[in-house]
Amino acid sequence: KTVMTTFNLSSFNPGPFILLGIPGLEQFHVWIGIPFFMFYIVALAGNSVLLYLISMERSLHEPMFFFLSMLATTDLILSNTCVPKTFSIFWLGPQEITFPGCLTQMFFLHYSFAMDSAILLAMAFDRYVAICFPLRYTTILTRQIVAKIVMGIVSRSFCIIFPCVFLLKRLPFCRTLIIPHTYCEHMGIARLACADISINIWYGFAVPVLTITSDLILIGISYTLILHAIFNLPSWDARQKALNTCGSHVCVILIFYTPAMFSVLTHRFGHDIPHSFHILIANLYVAIPPALNPIIYGVKTKQIREKIILHFFIKRPR
């Protein structure tokens, strides 16, 4: 009876988890930590500059830039959720994290990914309306419609990810709580439980894959219609201008979805790929997109490029 009581209590309040980093690459941890720290600084600076410009410049108060500010906010959440802990593991060795802390990190990690995917879909819809119905853009994407899209993005992401917290809280943990990773993620925690985790496996695989797949299909449909409209434009200059407005968004889509699909496929089919490689890719997936997204939009979006030059490089007369 005492054993059972202890067993049940451990499910509600297991001891701290220990994050090991990248097993097999311990001797390189210090060196791997340096680029991660640099990515983190670039992500903080780049996304903060984007948010500052979009909030301060009235000319950027359009749906496209509002969705971009949402993407920058989500990327800041993602960076701050995982990356500081990651380079502290690389530089200071394995780190403890409490069970509530682990669940919180897991929630915001997966929530940020779900948000990013939904925001990229909203941005694809924005580009579709802008290019296929340019004269009706302001009447279709009104403030009320944008607000509804935002509520849909936030609530969908929450409803998809929040059940993971309950799926993990119901599990008993009665073995050594060591996670061979740099951050807490759903299946990494579930595998430490001494109970049946088949629901976690099915939910953890099916729901995100179905969500990302449906988002990708809808983005693909949007861009098929966009390309059809672009190649029906009368002049080469008009085509070039329309393609340029989509260029930055396409780059961000590729940076976000390519490693995501690679990670999912290698987890399912890449049994010969070393575990350390899986974890390294998972870490790059958390660190690189938040750092590159603001750079891509800063370089490829004319309005943002002009505002950056105006604010940071041209000295205004006193």
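Backbone N, Cα and C define each Cβ position, glycine as well.
TrEMBL: automatically predicted annotations, no manual curation.
What TrEMBL annotates here:
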type	residues	note
TRANSMEM	28-53	transmembrane segment
DOMAIN	46-297	domain 'G-protein coupled receptors family 1 profile'
TRANSMEM	65-87	transmembrane segment
TRANSMEM	107-125	transmembrane segment
TRANSMEM	145-168	transmembrane segment
TRANSMEM	201-230	transmembrane segment
TRANSMEM	242-265	transmembrane segment
TRANSMEM	277-299	transmembrane segment
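Stretch with the most C-beta contacts under 8 angstroms to the transmembrane segment (65-87), considering only 145-168, 201-230, 242-265, 277-299: 277-299. In the predicted model, the domain 'G-protein coupled receptors family 1 profile' (46-297) shows an average pLDDT of 87.
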